[in-house]
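Annotated in TrEMBL:
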| type | residues | note |
| --- | --- | --- |
| BINDING | 118, 119, 120, 121, 122, 123, 124, 125 | ATP binding site |
| DOMAIN | 24-214 | domain 'Myosin motor' |
C-alpha cells in the first residue's frame, strides 16, 4: 500500500531523514534506527526483493511466503550448516530457530515451545513441517544414543501424519487452496541422548464465518 500526500501539506517538522539502517535494510529488525510499522514493512519488502524471506526481530522470526520453491533453502546442506551454528551467527532461517530450541533443551533443562502464527496462506503448515524435518534430522544424528533408540521410526511417523491430517482438516478458501481448518499442537518427547522417543498431535477444529469462507 502506498500513501501520497500533497507537498504543500508537509512541513519540515513532519518530514525527517530516514536512518541509514532503514535505507540499507537489516537481518534483525531490532537494530533498525527507526522502528515503526512503515520501517518494518519496508525492511521486509527490501529483503523479499533480494530473495530473503526470513528476518529476525530479536528472537522472533518473521517470514514472508514466496509462493514458490527456493532451491537449496531447506536441503540437507542447509540442515547441516545451521545445526553447527547458534542463533544469530548465520542469516535468519527457520532452521536457526529450530536449532536454538533443540539446544535450549539441554542448556536450560526445561521444555521448549515454538509458536507459529499468521494469516491464511502465510505458510504455518509448511513451517511446522520444516521444524519437524530439522528436529528429526537432529534426533537421528544425536550422539551417544543406544542402538535401540536409533532404530525407532517416531520421526517418520510424525512427519507422515501431516498429509493424513490435512486430508481431513484442510479446505479450499478464497485465500488458500489448502487452508488448515484446525489448530495443531504437537508434542515431542526427547530422551537424555537427544533422540525423539515419542510424540503426540492434538487438533482443534477452527470455525470461520468471515469472508475467507465465502
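Just so you know, the numbers here start at 1 and follow the chain as drawn.
Glycine residues also receive a Cβ, built from the backbone N, Cα and C atoms like all the rest.
Taking the features listed in TrEMBL, we show where each one sits on the structure.
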residue: 118; record: ATP binding site; Cβ within 10 Å: 13
residue: 119; record: ATP binding site; Cβ within 10 Å: 10
residue: 120; record: ATP binding site; Cβ within 10 Å: 14
residue: 121; record: ATP binding site; Cβ within 10 Å: 17
residue: 122; record: ATP binding site; Cβ within 10 Å: 16
residue: 123; record: ATP binding site; Cβ within 10 Å: 19
residue: 124; record: ATP binding site; Cβ within 10 Å: 19
residue: 125; record: ATP binding site; Cβ within 10 Å: 19
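Note on the domain 'Myosin motor' (24-214): its mean pLDDT in the predicted model is 84. The ATP site is defined by 118, 119, 120, 121, 122, 123, 124, 125, and by the 8 Å test on Cβ atoms against their centroid, the other residues of the chain that qualify are 65, 176.
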